[in-house]
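Colleague: According to TrEMBL, the protein has these features:
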- 25-46: transmembrane segment (TRANSMEM)
- 53-77: transmembrane segment (TRANSMEM)
- 142-162: transmembrane segment (TRANSMEM)
Amino acid sequence: MFCLCVFLQLAALERQIFDFLGFQWAPILGNFLQIIVVILGLFGTIQFRPRYIVVYTVWTALWVTWNVFIICFYLEVGGLSKETDLMTFNISMHRSWWREHGPGCIRRVVRPSSPGILEDYSYVSVTGCIIDFQYLEVIHSAIQILLSLIGFVYACYVISIFMEEEDSFDFIGGLDTYSYRQPPQEHVELKPV
């Protein structure tokens, strides 16, 4: 579980960095929650706390749903459009960092020639990308889904183990007089001391 949590954390941190660079606030919030819940799930595994692992499994289902939404968003499934400001909560016009800085992309800044437009405003032209930014975002989400599904299955397994151990636990000096390992004896031999 520890190695899986490390992979989940590294993937979420990598994604968090690039979402911060693109000022995409909705994914930043989701990544932050993912990081916190993975830590909680790891803590629950180490400390034998099944409730924390249940929280992790519920979050994992939500996380997979969020990543499926991101895939649909960037592939423009249904009425979704990657050109909207949905990922920035309509606060700014920022887009994915990969849009201008993807592998092989040549970024060219063109200053507007109209006299009424502010000096700071410029148009960015991107050409020569090896892979388009939306496919990079889809790959990131697909990796998150794959790791999360593995984590979900493993968390369900750990929960079942913890529940089995909890059911089979015999308290020392508990209510039952016989252990489940030894058959009850009919006659007890007394020996003098």
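Cβ atoms are placed via backbone N, Cα and C, with glycine included.
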Colleague: Going along the chain, which residues at least six beyond the ends of the transmembrane segment (25-46) come within the CB cut-off of under 8 Å?
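Modeller: Beyond its ends, the transmembrane segment (25-46) has Cβ neighbours at 1-2, 5, 8-9, 12-13, 15-16, 19, 52-53, 55-56, 59-60, 63, 66, 70, 86-89, 91, 151, 155, 158.
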Colleague: By Cβ distance under 8 Å, which residues at least 6 away from the ends of the transmembrane segment (53-77) in the same chain are close to it?
Modeller: 27, 30, 33-34, 37-38, 40-41, 44-45, 86-87, 96, 134-135, 137-138, 141-142, 144-145, 148-149, 151-152, 155-156, 158-159, 162
